[in-house]
Structures are given as structure tokens and as C-alpha cells.
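Participant: In case it's useful when we look at the structure, here is the feature table from Swiss-Prot:
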- 1-20: signal peptide (SIGNAL)
- 21-194: topological domain 'Extracellular' (TOPO_DOM)
- 25-60: repeat 'TNFR-Cys 1' (REPEAT)
- C26-C37: disulfide bond (DISULFID)
- C38-C51: disulfide bond (DISULFID)
- C41-C59: disulfide bond (DISULFID)
- 61-103: repeat 'TNFR-Cys 2' (REPEAT)
- C62-C77: disulfide bond (DISULFID)
- C83-C103: disulfide bond (DISULFID)
- 104-144: repeat 'TNFR-Cys 3' (REPEAT)
- C105-C119: disulfide bond (DISULFID)
- C111-C116: disulfide bond (DISULFID)
- C125-C143: disulfide bond (DISULFID)
- 145-187: repeat 'TNFR-Cys 4' (REPEAT)
- N180: N-linked glycosylation site (CARBOHYD)
- 195-215: transmembrane segment (TRANSMEM)
- 216-280: topological domain 'Cytoplasmic' (TOPO_DOM)
Amino acid sequence: MVRLPLQCLLWGCLLTPVHPEQATACKGNQYLSGSHCCDLCPPGKKLVNDCTGITETECSPCGAGEFLDTWNRESRCHQHKYCDPNLGLQVQGTGTSTTDATCICHEGQHCSSDACESCILHSPCAPGLGVKQLATGVSDTVCEPCPVGFFSKVSSALEKCHPWTSCDTKGLVELQAGTNKTDAVCGFRNRMRALVVIPITMGVLFAVLLLSACIRKVAKEPENKALHRKVGWQDPVETVYPDDFPGPHSIAPVQETLHGCQPVTQEDGKESRISVQERQ
């Protein structure tokens with residue numbers, strides 16, 4: 001084995017080229033551009049030009065309706081989210097240069113997905129089911145079956161199951177048991193039913209008779225007033241014939257009338273006429 005002199009080894013080391021290692025680690029808010037660590041653009045601004053050995057990173061603000069919410073080296077800003085009313089959305093928060101706009105669903109609707117790009121109506125709970133958890137803007141209604149002793153007879157996204165009516169607490173008897181869709185039916189006992197129905201029936205009949213009597217009385221009042229008015233306008237007229245008195249008398253009848261409560265006798269030889277009624 002040939003041994004090289006120590007001097008050759010030393011010269012070999014000196015002649016070996018030494019290449020400087022490039023810097024690859026930059027600070028948290030920097031990025032590597034070529035051989036330089038450049039500063040990232042702050043939220044609300046986008047990158048225009050990278051830094052150089054003599055210039056800093058050049059950034060510009062986002063335009064109207066745009067935003068960037070992180071430190072970045074983006075050349076374009078993001079557009080604000082559009083809350084489309086045709087999809088059931090409305091604006092919850094207006095976007096800025098550093099935050100996006102937020103949307104929520106109209107009342108009675110919730111987001112169809114986690115991204116909330118559209119809304120759908122809350123699901124109602126069918127009869128026999130009650131609401132366990134109300135729907136929110138991001139979640140649908142949660143329903144549960146009505147347990148024994150409870151019922152729900154409507155389709156609703158708001159109502160819970162209702163308890164059956166307690167007939168005992170009302171002093172009644174249960175005529176029909178409740179189900180998960182119908183309430184219990186209560187009623188009177190046979191004797192109690194008679195005690196309640198008879199007074200009610202008598203009261204109704206009495207009211208009908210009283211009303212009928214009042215109607216008749218009111219209907220007769222105009223007739224009575226008209227009759228009294230007609231009698232008051234006429235003067236009493238009385239005709240007296242000669243045959244009513246004994247003794248001789250002339251052949252021609254003598255007519256006597258009462259006029260103003262004074263007797264008036266027709267003269268002999270004049271034609272007998274019935275007096276004309278005079279009115280005051």
C-alpha cells in the first residue's frame with residue numbers, strides 16, 4: 001500500500017472548493033424569493049413586487065368588495081361572499097378588506113350545507129311526533145315520537161307533544177283513551193249528564209217563551225196606538241126615532257143628534273138627514 005506524504009494531503013484539502021450554503025430559513029412573516037427573505041403582505045393587502053437586495057416587498061390594498069384575511073404573498077384579493085336572496089340568504093355581516101361577508105338564512109330556513117351556499121325550509125314534525133330540538137339557522141328540526149300519555153295532532157316545526165287531558169281532575173269520566181295523535185275524550189256520568197242537561201233545556205225554553213212574548217207585545221203596540229187615535233177623532237152621533245117615544249107625533253120622523261154634547265132637533269117639514277160629523 002502506497003502512503004501519500006502528509007504534505008499532499010494538506011494541499012488536497014486546501015485546493016478543495018468551498019461552496020457557501022444558501023439561507024433557506026426565513027422568519028414567520030417572511031418568504032424566500034431567490035436568495036432573499038421578503039416580508040409577506042399584511043391582511044387587507046396583496047403582493048405587487050417581491051423584495052430585492054435594496055428594496056422591500058411592495059404591497060397594495062384590496063379593492064372594494066375584496067379581502068385578504070391573512071399574511072400573504074397573493075397577487076389578487078378574494079371577492080366577498082354574495083348573499084343571494086333567491087337562495088334564501090341575507091347579509092348577516094358586511095365584509096371588510098380583512099374579513100369576508102357573512103350570510104344567514106331567512107326566518108324559517110336553515111343552511112343546506114356547512115358552506116351555507118343556499119337555504120331550505122325547516123322540516124315539520126308530523127302528527128304523532130313532537131319537536132325535540134328547534135331548528136336554527138344552520139341545523140334542521142329534530143323530532144321525537146310522542147310517548148304514552150302525550151299526543152300531537154298537527155304537523156309543526158315548533159310544537160312539542162302535549163299531555164292528554166286528565167278527566168279525573170275535571171270531575172269527568174274518560175269516554176275514549178288518547179293516542180299519540182289524539183287527545184283523551186272526557187264526558188259526564190249518566191246521572192250527572194241528566195242533572196246538567198235538564199236545567200239547560202228548561203232555561204232555553206224559558207228564554208224562547210219570554211222572547212216570544214216580548215215580540216208579540218212589541219208587535220201589538222202600533223195597532224193599539226192607531227185604534228186609540230181613530231176613536232179620539234170621532235164625535236159621538238146618536239139618531240133618535242119618534243117610535244122610541246110614546247104619544248102622538250108627526251108622520252115625518254124627527255132626527256135628533258148630539259153635537260158637541262148638545263141635542264140638535266131637526267125642524268118639521270125638512271128632509272131628514274144624517275148630521276155631518278164635525279171634527280175639531
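Backbone N, Cα and C atoms are what each Cβ position is placed from, and that goes for glycine too.
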Participant: Near the repeat 'TNFR-Cys 4' (145-187), which residues from the same chain, at least 6 beyond its ends, have a CB less than 8 A from one of its CBs?
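Facilitator: Distant contacts of the repeat 'TNFR-Cys 4' (145-187): 108, 122-132, 134-135, 193.
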Participant: Who are the chain neighbours of the repeat 'TNFR-Cys 3' (104-144) in space, where the CB to CB distance is under 8 Å and they lie at least 6 residues beyond its ends?
Facilitator: 84, 87-90, 92, 150-161, 180-181
Participant: Run through the Cβ atoms and count how many others sit within 10 Å of the one on C103 (disulfide bond).
Facilitator: 23
Participant: Given the disulfide-bonded residues C51, C77, C83, C105, C119, which lie close to C111 (disulfide bond), meaning Cα to Cα within 10 A?
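Facilitator: Taking C51, C77, C83, C105, C119 one by one, the ones whose Cα falls within 10 Å of C111 (disulfide bond) are C105, C119.
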Participant: Would you kindly give the Cα-Cα distance separating C37 (disulfide bond) and C51 (disulfide bond), rounded to the nearest Å?
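Facilitator: Cα-Cα, rounded: 8 Å.
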Participant: Counting Cβ neighbours within 10 Å across all chains shown, tell me which of the disulfide-bonded residues C59, C62, C77, C105, C119 comes out on top.
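Facilitator: That would be C105, with the most Cβ atoms nearby.
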Participant: Sort out the sequence-distant neighbours of the residue listed as 'N-linked glycosylation site' for me: same chain, 6+ apart, CB within less than 8 Å of its CB, listed by position.
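Facilitator: Listed in sequence order: G128, P145, C146, F150, F151, S152, C161.
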Participant: Using only C-alpha positions, which one of C37, C38, C62, C119 is spatially nearest C103 (disulfide bond)? These are the disulfide-bonded residues in the record.
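Facilitator: Going through C37, C38, C62, C119 one by one, the Cα closest to that of C103 (disulfide bond) is C119.
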Participant: CA-CA, which of the disulfide-bonded residues C26, C37, C59, C62, C125 lies nearest C119 (disulfide bond)?
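Facilitator: Looking at Cα distances from C119 (disulfide bond), the smallest one goes to C125.
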